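As structure tokens, the structure follows; a few thoughts come after it.
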Ligand SMILES: [Zn+2]
């Protein structure tokens, strides 16, 4: 499952290779890939320009212009959900068809195509109207999602207030997309380790400076992952140019059960958490007495 840094890597690829180009023809090869779309995706994209590449959390979209590059905004975006295994590839139009190719888009300039390839078909594409989101315009399906910590629209002070009001465990809060978006299981564990917080620490007991320290840790792990091309445990995941985003050497605790903590050498512990796992250091991140699972 791609996390925010992987999606940002894809966004940057789209911004570089696709933004500003006008769709000549789109072809849907598998209707499952457009199951949430209302209307005919090929007709909705034909002749329109993909203005830029935008992201909030793990959501990715390309705002549409009505026609060629100098026309008005259409008030709609092409929204891409990568799901578990979705890939957006920029390839030469003559390149062989991928086995799991779902949608392809050719451009008026005759240059590289954009292809949506998805083995497990959980991902999908849709054209969605733009609406007011938190801090900026977003496609309608993204309207309920909070800003992510790498966005300008993210308000640290407001986050601290809302976090303490949640009265829940800190990790559960970090994964709540209506409070802060784009933080998945891997980066939550890594950031909590850096901030020396156990995942079940009650949010209402955290001081503002500690919350800001945690936000700095979240941003640091994401920014470092970005510098390394993102991290992913799914070998199916590749970025927009087909390169693997797989990278795990920088991980301090995630997936490192019984291996030594990189700070103190204590074996990393794994605990069950919301049908998943939480990795932490028993010494650096002691379990609080008032734990909130
Ligand atoms: Zn430790």
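Even glycines carry a Cβ here, placed using N, Cα and C.
Going by TrEMBL, these are the annotated features:
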type: ACT_SITE; residues: 2; note: active site, schiff-base intermediate with DNA
type: DOMAIN; residues: 2-123; note: domain 'Formamidopyrimidine-DNA glycosylase catalytic'
type: ACT_SITE; residues: 3; note: active site, proton donor
type: ACT_SITE; residues: 58; note: active site, proton donor
type: BINDING; residues: 100, 120, 166; note: DNA binding site
type: DOMAIN; residues: 252-286; note: domain 'FPG-type'
type: ACT_SITE; residues: 276; note: active site, proton donor
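Overlay of TrEMBL annotations on the structure.
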residue	record	CB count, 10 Å
2	active site, schiff-base intermediate with DNA	27
3	active site, proton donor	24
58	active site, proton donor	22
100	DNA binding site	18
120	DNA binding site	12
166	DNA binding site	16
276	active site, proton donor	10
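Note on the domain 'FPG-type' (252-286): residues 171-172, 175, 185-186, 189-190, 192-194, 196-199, 233, 293 of its chain, located 6 or more positions outside it, place their CB under 8 angstroms from a CB of the stretch. Look at residue 276 (active site, proton donor): DSSP puts it in a strand.
Note: the Cα of residue 120 (DNA binding site) and the Cα of the residue listed as 'active site, schiff-base intermediate with DNA' are spaced 14 Å from each other. For the domain 'FPG-type' (252-286), the predicted model reports an average pLDDT of 95. When the CA atoms are compared, the recorded positions lying within 10 A of residue 3 (active site, proton donor) are 58, out of the candidates 58, 100, 166.
Residue 58 (active site, proton donor) has its Cα within 10 Å of the Cα of these recorded positions: 2, taken from 2, 100, 166, 276.
Note on proximity: of the recorded positions 2, 100, 166, the one nearest residue 276 (active site, proton donor) is 2, by Cα distance. Helix, strand and coil counts from DSSP across the domain 'Formamidopyrimidine-DNA glycosylase catalytic' (2-123) read 23 helix, 48 strand, 51 coil.
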